[in-house]
Amino acid sequence: MCTQDLPLFDLENNNTIFFFDQLVAFSRVYTVLHRYLCLFVCFVGVLLNSLHFYVLTRKAMRVYIINALLCAMSICDIITMTSYFIYILRFRIFDSPATTIGYSYPWLIFLITHVTSSIALHTTALYLSVIMAYIRWTALDRLDAKWINHGALKQILIFTALIVSIISIPTVMVHKIVPVKDVIGINETEAIGGELKLEGLYTVQLDETSINGCALFRVNLWITGVMFKALPCLLILWFTIALIYKLVQMSEKRKILRGEKREKEEFQLLATSATPTNTTRDESSPVSRRIRKVSQCRNVSIDRTTLMLIIMLVVFLCTEMPQGLLAILSAIYPTHVHTMIYVNVGEVLDLMSLINCLTSFIVYCVMSTTYRATVKSVLCRPGNRRTAFKNTHLLLNSYRIQVS
């Protein structure tokens with residue numbers, strides 16, 4: 001690991017020693033569960049994201065750019081989960097790292113490709129979420145904005161893929177494949193004498209000597225923490241707050257245009273008439289039911305969209321921001337944070353990222369009436385033309401940028 005880096009923990013303190021002992025104990029127990037949890041999440045995630053992609057590519061759902069971006073995110077998530085599924089089977093179930101000395105060269109090529117592509121694809125999905133939030137925010141002011149039409153889709157995808165590919169280069173450079181015998185420090189004769197079969201076995205190491213000691217390793221951690229995690233989370237936070245604020249403003253304008261100002265006065269009048277000075281209001285009375293109905297109608301137009309955005313915000317921040325902060329701390333204190341904390345909680349962070357890949361499908365299913373109607377039409381295959389026409393009519397009427 002890096003030399004001459006700053007210490008973070010007092011390794012002679014009893015409380016610190018106890019904390020790391022418990023962290024290592026947790027890692028040993030969780031790593032057994034992790035492989036099976038990830039297999040389940042990846043299997044379910046590939047199925048759901050495939051359904052998500054299929055639904056969003058239906059004719060009635062292809063009409064706006066948001067769904068096209070969600071299709072691209074689904075492809076990224078499918079590839080990420082498929083790659084992680086193969087990785088878990090090969091490196092965590094079929095062969096245990098505790099008993100396996102090395103692997104063949106092609107499998108280690110796959111391992112490095114898996115690490116790099118998973119990070120790049122997941123980061124691409126995060127930035128596409130940022131772009132989606134920006135498009136929603138822009139569309140509330142101008143429906144003819146440049147980034148709303150399908151002509152901008154190709155530019156968005158190419159630009160995002162190019163930027164992510166460039167910033168992923170240090171992740172490839174920081175890993176190197178070396179023969180196992182060079183790591184163990186014995187020659188082939190000693191290996192044969194000790195009955196160790198090391199021929200054709202390799203392992204992966206962090207390249208800590210390529211550029212000024214572990215400078216490349218630190219640069220990779222900084223890029224991972226800032227560009228891959230912290231920056232997209234901050235942008236999502238910013239655009240989501242701005243979008244919610246604008247939705248509230250537009251809701252107030254809609255109330256005035258729809259005559260809801262008069263309805264508010266009616267609501268206040270009903271509330272006043274239903275609460276006399278010396279009597280208790282009857283909740284079952286027609287007046288009380290009217291009050292509740294008016295109150296619900298006043299809030300229903302904004303709650304669904306706001307709730308969807310809050311859910312997306314919370315999921316992204318809870319799953320990605322801790323990883324970014326930990327990566328930044330690893331860049332500052334590589335010996336203490338990376339080797340003592342990140343190594344022991346890295347699998348938990350991987351599971352959080354995999355769960356994040358399911359966010360789009362779950363939120364759409366829960367919050368979008370149009371999406372549920374499309375899923376139902378795909379899965380149930382209505383047998384009569386009247387039902388099919390009804391579903392298509394519902395989908396076409398929902399043509400708008402923001403999700404209902």
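Cβ atoms are placed via backbone N, Cα and C, with glycine included.
Taken from TrEMBL, the feature transmembrane segment applies to 33-56 (among others).
Residues or ranges marked as domain 'G-protein coupled receptors family 1 profile' in TrEMBL: 48-364. Over the domain 'G-protein coupled receptors family 1 profile' (48-364), the average per-residue pLDDT in this prediction is 75.
What TrEMBL records for 63-87 (among others) is transmembrane segment. Panel annotation: around the transmembrane segment (63-87), residues 38-39, 41-43, 45-46, 49-50, 52-53, 56-57, 110-111, 113-114, 117-118, 121-122, 124-125, 128-129, 131-132, 135-136, 147-150, 152-153, 156-157, 350, 354, 357-358, 360-361, 364, 399-401, 403 of the same chain, lying at least six beyond its termini, place a Cβ under 8 Å from a Cβ of the stretch.
Long-range contacts of the transmembrane segment (107-135) within the same chain, counting only residues at least 6 positions beyond its ends with a Cβ under 8 Å from a Cβ of the stretch, are 65-66, 69-70, 72-73, 76-77, 79-80, 83-84, 86-87, 90-91, 145, 147-148, 156, 160-161, 163-165, 167-168, 171-172, 175, 177, 202-204, 224, 227-229, 232-233, 235-236, 239-240, 243, 312, 316, 320, 353, 356-357, 401. The transmembrane segment annotation in TrEMBL covers 107-135 (among others).
If you look up TrEMBL, you'll see 156-178 (among others) marked as transmembrane segment.
TrEMBL lists 226-248 (among others) with the feature transmembrane segment.
Annotated transmembrane segment per TrEMBL: 307-333 (among others), in sequence order. Same-chain neighbours of the transmembrane segment (307-333): 5-8, 126, 129, 218, 221-222, 224-226, 228-230, 232-233, 236-237, 240, 243-244, 341-342, 345, 349, 352-353, 355-356, 359, 363, 366-368, 403, counting only residues six or more beyond its ends whose CB sits under 8 Å from a CB of the stretch.
The transmembrane segment annotation in TrEMBL covers 353-371 (among others).
Here the transmembrane segment (33-56) has Cβ contacts under 8 Å with residues 62, 67-68, 70-71, 74-75, 77-78, 81-82, 84-85, 88-89, 92-93, 347-348, 350-351, 354-355, 357-358, 360-361, 364, 371, 374-375, 378 of the same chain, all six or more residues outside its ends.
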